[in-house]
Every structure is written in C-alpha cells, then in structure tokens.
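These features come from TrEMBL:
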- 9-216: domain 'YjeF N-terminal' (DOMAIN)
- 58-62, 130-136, 159, 261, 324, 375, 439: (6S)-NADPHX binding site (BINDING)
- 59, 126, 162: K(+) binding site (BINDING)
- 226-498: domain 'YjeF C-terminal' (DOMAIN)
- 410, 411, 412, 413, 414, 438: AMP binding site (BINDING)
Ligand SMILES: NC(=O)C1=CN([C@@H]2O[C@H](COP(=O)(O)OP(=O)(O)OC[C@H]3O[C@@H](n4cnc5c(N)ncnc54)[C@H](OP(=O)(O)O)[C@@H]3O)[C@@H](O)[C@H]2O)[C@@H](O)CC1
Ligand SMILES: Nc1ncnc2c1ncn2[C@@H]1O[C@H](COP(=O)(O)OP(=O)(O)O)[C@@H](O)[C@H]1O
Ligand SMILES: [K+]
C-alpha cells in the first residue's frame, strides 16, 4: 500500500473531487460519515459522552460532520472550536452552520479559555489539526493538547494526531497522543517511525473513496508491506525441482563464544528453503554445529577462535556474513580479501557491518545489490549520527545510492531501502527484541537469495516472513518468552500462508 506525502494527499483529494464531480463539502461529508460509522460500530449506542475538539480548517470540518452524525444517532456530545486562527475554511463554515441548525453551539476556545470539564472515561475526538499543519501550534494550543493527553480518556484522532507534521520533525510536546488514529484511505509514514509512532498507538485506514487509480499512478517514496504485497513475490516449487535448484548458501562468521549466531542464521537459512547450507566458522564451531544441525555442512578456518581467512572451495550461490564474527584486525583482513574476490550479492550483518564501518573503503568492494541489515546502532556507525528520523532516512537513502546496496533498517517497523523507494514492514512485535533474532533474519534473506529471489525480493520477503513468524509465536506463548529459535520454528507456518488462498492476514487496514 502506498504511503503518500502531504502534497500527494492534497492532489488525490483534488483529483477525486474533480473526477467524481463532487463539491469539496461532499467529500468532507463522506469522510465524516466514514469516521462516524467506525465510532458507531465500536460504541454501539453507548451512553458515553464524546468531546469533539475541532480546529478551523478541514480537519475541524470533519470533526463537525462527525459531531452532527453522533447527535443524530442519540450520542451525548460536547463540541469545541479551537480558535487558533480567524481563517476558517469554507467547508468548516458550512458544517458549523449545519451544526447550529441542529441547535448545537460549540464552545469557542481561545488563549485564556479554561480547560473544559471532561470526566474520566469520556471520549475525546481530536480534529484540531490535520495534514494542513504548516507551523508549530501556538503555545496555548500546545497546553490544551497536553491537558487532553494527561486526562484519563480514550483519545481518537481524525486523520493524524494533531500537531504532527507529515514530513518533518514535530515538537512532541505539542502533539496529541492518540489511542486511535482514524486516517483517510492510506496510512502516513509518521505512524511507523519510532519517535512519532508512539503517538499513534493504533491506526485504522478508512476508505473514503479517493480515486485509487490516481493514487496508484503516484510515485511515492514509501510503501507499506504486508501479506498482500509479499504474496505475489512467492515462487511455487516445480515438481521436478531438486536441491540443486534452490542454491547453496554459505553462512560465514562466529567466534569463540558466539557460534550460536551462526547456528541460528544457518538453521533459518535452511528453513527458508536454501537447497544446501554450509556454515563457515572458526575451528571451535565445528562440533557444536555438526551436533546441533546435521543438515548443515561445516567448513572451518585454520584458526580455532576467530576467522582469519575465508576460503570456500566451491562456488556458493550466496554468502551471508558477519554474525558473531568479531572485528579483530585478522578477521577484518579476511573479510576484506573475501570481498575482493567476490562478485555476486552478499548479505552483511552485525560485525560484518561493524567492519565496513571501521574501514569505510571496503564499502566499494561490496558487490552491487548486496543486502546490509543494520540495527540502529550499526546504522549509525555506517552512516553517522542523525538529528531526527527524517534526517536518518535521508542519510540512509544517500548511503544506498552511493554504495548501490539494499539497506534493511531493522526496528519495530523495519524499512527496506533500495535506490528507488522505502518499504515499511508491518509484521513483527516487541517480543522479537531478543538476542539472535537479527541473525535469524540474515539467515532467511540469505536462504531466499540462494533460491533465486532478487536481492530486493529477498529482503522484502525475508523481513515480512521473519516478522510474521514472530507474530505466530505469540499464538502459543508470550513476548517475554519468545526466543530467536522460536522464530525459526514458526517460519514453516509463515511460508505456508503463501499457499493459502484465503489467508486471514489483514494488517494493511489496521495496525498497531
Ligand atoms: N485529503 C483528503 O482526502 C481529505 C481531507 N480532509 C481533511 O482535511 C484535512 C486537511 O485540512 P486543511 O488543509 O484545511 O488543514 P488543517 O490541518 O485542518 O489546518 C487548518 C489550517 O490551519 C492553518 N494552520 C496550520 N498550522 C497552523 C498552526 N500551527 N497554527 C495556526 N494555524 C495553522 C493553515 O492555514 P494557514 O493559516 O496557513 O492559511 C491550515 O490550512 C485533512 O487532515 C482531513 O482531515 C477531509 O475533509 C476530506 C478528504
Ligand atoms: N519492537 C519490535 N517490533 C518488531 N520487531 C522487532 C522489534 N524489536 C526488534 N525487532 C526485530 O528483531 C530483530 C532484531 O535484530 P538485531 O537487533 O540485529 O538482533 P540480534 O543482534 O540480537 O540478532 C530485527 O529484525 C528487528 O526488526
Ligand atoms: K487531527
């Protein structure tokens, strides 16, 4: 699903009005009714009081439409106009009059107005600012937002939490902390970034009939990926395939005390369908690997405790490298000389990334379209520090263009970047913040590359399937107990869902 910028949202809005021959107030009515229907479905006529805070633009206009429909369906409402400007929009004014026709006179809140009386358990609907925010809210509006945030009320934001910019950092002291964001048609990038995402606890994208053909024609910087985007990439196996069809992956790394990283990555690689898997480890890895995963072949370095040279006596399809490897001078030299002699995409993780950060000249040795899988700490070592999430993404995009790689920025919503686009993943859960889960991801991506998926496909499918396997773990256990090994076990079910016609996946429309 495409993630639109503020400008693209305005364009889709304008295009829809024109192509469907609508008046803008009719689109607002449709938007407001859609929000009302969602609320009505959840509340089912409950006697709770809803306090609707409206700005003076179109987001406020939406709030007024919602208020009118709530009233018509017998809900108890209190409506406020947060009067931060005199420039009321046309459609706001139309709906302001319609509400007054229903004998509702909203309370006008100004700088010195006392905070309205809201009882614990009442619901607050936030329609103060939408996508038209173009400067910081003034301090008194910020204070009102803080008061609303500190109450014991469910906070439902229309379109976006008020005070949040879509394409630049926001002053988070002046942003509504929404329990639910009822957004129009497509989710916004800020819902998925760590700093702003925590202000959007759950989001729901509501279809208001914006022209999807037009939206599909837009070239967006970001896309959301879930089951429906990944399934078409899935390749069914032909009846006459054999293990040679699915490649031979090498998982290289490990050092004394860190052979487990290779065990996890190699097993995940195998369970993602690589025909053959060989682990390349220092001598101390031989026995533990041979006894724990007999399906995986093992090659050892002459050294016992760390890798000092990487000599692979056959031509592997793909190499995943760096997990638990350490960054000592001899290991770095081995990595460098491996890259000098290697020309097809590699998957680099963990200490492989740290070595690239230590000796940036090695980045030039990376074969084109190699997949790099940093967590935030590794990313910072690679690209330098950033002031905010937007700068981070800009810097990461620059890096991708310069190096010619695919970058998998790991996190709650992992973002896969190639030179064209960013893909925001929707699967996964905080239970996956556990030792070794990144090693599993590297194994999965390497296994997919071994089978012939392109590097971008392997990164996208790998990230989605890894998160999905993590989510499946929670059907039988808790976030606390989840281990990286459990994720490997669930890979089977996660892949199997691609065979099923009617999967129950629907995380595109609703997220947390
Ligand atoms: N897209 C769609 O498909 C649909 C969109 N719809 C709805 O429209 C919403 C966008 O509405 P919007 O453009 O009127 O802007 P909104 O956020 O209400 O702000 C109002 C005005 O406030 C001003 N202003 C800005 N910052 C300020 C500040 N800090 N302090 C003071 N003033 C400030 C600024 O005007 P300015 O003063 O700069 O001229 C701005 O124009 C969108 O989120 C959705 O809810 C639906 O109705 C239909 C379908
Ligand atoms: N809160 C979270 N929600 C979803 N996925 C998460 C969360 N925290 C971590 N993960 C995932 O778990 C993995 C952690 O990787 P990493 O930090 O490299 O772990 P390790 O180094 O222990 O292997 C990443 O794929 C990341 O996206
Ligand atoms: K809002």
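Just so it is clear, glycine is given a Cβ too, placed from its N, Cα and C backbone atoms.
Heads up, TrEMBL stuff is auto-annotated, nobody curated it.
Across the residues the record lists as binding AMP (410, 411, 412, 413, 414, 438), the two Cα atoms farthest apart are 14 Å from each other. The candidate set comprises the binding-site residues 58, 131, 134, 162. Of these, 162 has the most other Cβ atoms within 10 Å. For the binding-site residues 375, 413, the largest tally of other C-beta atoms within 10 A is found at 413.
In this structure, the binding-site residues that sit close to ligand 3, with a C-beta under 6 angstroms from any of its atoms, are 162, chosen from 61, 162, 410. A strand conformation is recorded for residue 126 (K(+) binding site) in the three-state DSSP classification.
The least crowded of the binding-site residues 61, 411, 438, judged by other CB atoms within 10 A of its own CB, is 411.
A straight line from the CA of residue 131 ((6S)-NADPHX binding site) to the CA of residue 59 (K(+) binding site) spans 8 Å. Proximity to ligand 2 at the level of Cβ atoms, with a cut-off under 6 angstroms, picks out 410 from the binding-site residues 58, 61, 126, 131, 410. Using a 10 Å radius centred on the Cβ of residue 414 (AMP binding site) and all shown protein chains, the other Cβ atoms total 26. Selection of the binding-site residues 58, 59, 131, 134, 411 by a Cβ distance under 6 Å from ligand 1 yields, in sequence order, 58, 59, 131, 134. The average pLDDT for the domain 'YjeF N-terminal' (9-216) in the predicted structure is 96.
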